[in-house]
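The feature signal peptide is assigned by TrEMBL to 1-26. The domain 'Plastocyanin-like' annotation in TrEMBL covers 74-187. According to TrEMBL, the Cu cation binding site annotation covers His123, His128, His163, Cys164, His172, Met177, His318.
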Amino acid sequence: MTGRLCTTLATLGLLASLAYPVAVLSATDQPGAAPGDFGPPQGQPIHAVLTSPPNVPPPIERNYPALVIVDLEVKEVKREIADGVSYDFWTFGGTVPGSFIRVRQGDTVQLRLKNPPDSHMPHNIDLHAVTGPGGGAAMTLASPGHDATFTFKALNAGLFVYHCAAAPVGMHIANGMYGLIQVDPPEGLPKVDREYYVMQGDFYTNGKYHDQGMQTFDMEKAIDERPTYVLFNGREGALTGDNALKAKVGETVRLFVGNGGPNLVSSFHVIGAIFDRVWDGSYKHYEESVQTTLIPAGGAKVVQFRTEVPGTFLLVDHSIFRTFNQGALGMLKVDGPAAPAIYSSSAAAR
């Protein structure tokens, strides 16, 4: 394990040395502030509001860049991955995915990562919203019982994945160490009625699907990309039944959807809905009238649609065996009056 960790750090050092000349050339070609840099932080430091899935912090309403403090604590926890099936998850904040972070473009973010003494592994964090080598991974590597802090400026608006990058990287991600950070554009996003946080991940257990009892991580399955479970929000049933997402007829729903991987590409689809808008991570452009959208491992998209009729709408990975045989299933329950002109049985239509 120590050798693998050293290899990871050496790789990060090499990436840093390669990235430095590129940064110099960019600064030479474009003198002055980087795009998305709106000056130094103003006002008092702000502690970020962090939420557990499927909840999302409220939109950023201030009109100036601030120093935003983000406190994340690593938690290694044992809990159910499916009914009667237990697993040792490694998490940011105790949930899979980890806490949702929301800041504003141009903010200076001070991220403080705590790895408690009862952890069994060193951990760190690589945020895809970071402009800098390793995304913060080398500067946040913390052994059990230690803390680490680093600072970055959120130069790019968009929805970004974060994950642990300590060796072995794939194992840390496969055990649940990922989440999303949303960087709001200065003008904000269009107002909607509901916002939710959904993240897909693939899990590799030593037993078969639904084998009962305690299950351990299976490295060979992970290397071969043969997941036992493919799940939304870290557990089979995390978004079904009483845990289903909720909306009312006539509301606009926005889903912040990420894919932690570590291996699979998600074919994300909501059965019975067409996405009015899909942003591919950034907010510079969007697609309209999208039925299914691909989200790569380590990627994220924002999908938005209006609920026109009541009923239960299924969130799925349309690589469909993953949905009905590996657990990638969620629900959005929409309440309200029927709209037979839009959707009805043939008998009712007559």
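Backbone N, Cα and C define each Cβ position, glycine as well.
Structure with TrEMBL features highlighted.
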residue	record	Cβ contacts under 8 Å, 6 or more apart
His123	Cu cation binding site	Val74, Trp90, Leu113, Asn115, Leu141, Ala142, Cys164, Ala166, His172, Met177
His128	Cu cation binding site	Gly135, Phe160, Val161, Tyr162, Ile181, Gly298
His163	Cu cation binding site	Ile125, Asp126, His172, Ile173, Met177, Tyr178, Gly179, Gly260, Gly298
His318	Cu cation binding site	Ser267, Phe268, His269, Thr292
Quiz item: If you draw a 10 Å sphere on the Cβ of Met177 (Cu cation binding site), how many other Cβ atoms land inside?
Solution: 30
Exercise. Note down the number of other Cβ atoms within 10 Å of the Cβ of Cys164 (Cu cation binding site), including every protein chain shown.
Key: 28
Quiz prompt | DSSP state at His128 (Cu cation binding site), helix/strand/coil | solution = coil
Practice problem: Summarise the model's confidence over the domain 'Plastocyanin-like' (74-187) as a mean pLDDT value. | Solution: 98
Self-check item: His172 (Cu cation binding site): tally of other CB atoms within 10 A of its CB
Solution: 21
Self-check item: Per DSSP, three-state class assigned to His172 (Cu cation binding site)
Solution: helix
